[in-house]
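Engineer: Okay, so TrEMBL annotates it like this:
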ACT_SITE  443  active site
BINDING   447, 448, 449, 450, 451, 452, 453, 454  ATP binding site
DOMAIN    357-501  domain 'Fido'
């Protein structure tokens, strides 16, 4: 008779076969009830809605949304294909969000389908899918993105209501800047007689600095005897800046975010103290704050460290090569890596204080910071040497966040854009706050993104003479909530205010 372990192994073998066929989203009928119940009991499957399941891991907690967010788009894809065949597509609004590579998980997705019944399917963690009964546009207006049926950019721009520009101004800017050639859009406007859409799109193009394209649309529509009235669909007075035509979605997003949030940050931070007259004193203060900084930064990331361990590392009595216990202690290895990276960041700051460009210094040195952060774990054999290579080559998901970091192919372009903005920015406070947030938004590394973001923040603060700022673990929840507000809600103010508040608190740590 098979043991419980053997039975579970048999169920897992079957699950592996089903995953090879269907991915992580399964229909109940694809596994027998016995296998389903066994896999659910052991944490390998979770119900989504009646008749549908997703593959999970035993360590995933039922209250943790990460397992659902990682499978959200796969569920939408398979559910819609199974229920509606090829007779569906996402709404014009959702289509434009996907074209703009908006990475956060929406509260609700709307699909158009002639088979719709106006049903709102409630999904886990306050998400839902609404099927709107609607005839589909011509097949030529529908494209496929990651297996999802969405409207082409041109069709979506024509169909999207004006409120989209007001609710998703940044996404609208990104889509408009990505239009290298407006010719196909003009053809659809003329052939369909889309007078209102033409006026709205012309106004939007002019608002993002594409006057020639706006004028052409108006001229051609009027030449075809259409009475077109140009209308700016963005909110009056909204911060809408021209973006480089043909920019990648991530590069356009970084530039738009920088231009949008800059003034808010300047209004929150005090004036720059300026480069310290005594460089050695400034560096000595950084040395004094190390223990507090390491304790809080590592604790925020979930490492269990003590101030005693951190002091041991600083004094050099931690030996991952000669001490077997140290070699096995992941927390101690993280502490040693933090010390080494801290020293590398300190060296970068020392050069910044002698006049080196902060942005250029970060571009040149950030690889060194990352390398030192994980070198002890490689030395101890916990990580392979390839872990020091740098940027990730696989998708990552943030625990409990609706923000999904950009795809691998976009990372290099995103980081290049970030460094250009750091190099060209005059304000140290803006460099620090947006540098921290956007590095975390891009999430370029397999691990260590939070620590790297805080290192970048403090290197940028140093360039204006601001003090080293510690984000304490007691404010972790507020810190994560503020990052979520920036990445998902588009509001940088809570994050900037929290950083400024912690800056004031940090000055007491080195007295």
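Quick reminder: no glycine exception, Cβ is built from N, Cα and C everywhere.
So that I understand the layout, could you describe where these features sit and how close they are to other parts?
Structural biologist: All chains included, 25 other C-beta atoms sit within 10 angstroms of the C-beta of residue 443 (active site).
Residue 448 (ATP binding site) falls outside any helix or strand according to DSSP and counts as coil.
When pLDDT is averaged over the domain 'Fido' (357-501), the result is 94.
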Engineer: Within 10 Å of its Cβ, which one of these binding-site residues (451, 454) has the largest number of other Cβ atoms?
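Structural biologist: Its Cβ has the most other Cβ atoms within 10 Å: 454.
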Engineer: Inside 10 Å of the Cβ of residue 449 (ATP binding site), count up the other Cβ atoms and send me the figure.
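Structural biologist: So the number of other Cβ atoms within 10 Å of residue 449 (ATP binding site) is 21.
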Engineer: Cα-Cα separation of residue 449 (ATP binding site) and residue 443 (active site), in Å?
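Structural biologist: Counting only the Cα atoms, the answer is 6 Å.
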Engineer: Return the count of C-beta atoms lying within 10 angstroms of the C-beta of residue 448 (ATP binding site), excluding that atom itself.
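Structural biologist: Taking all protein chains shown, residue 448 (ATP binding site) has 19 Cβ neighbours within 10 Å.
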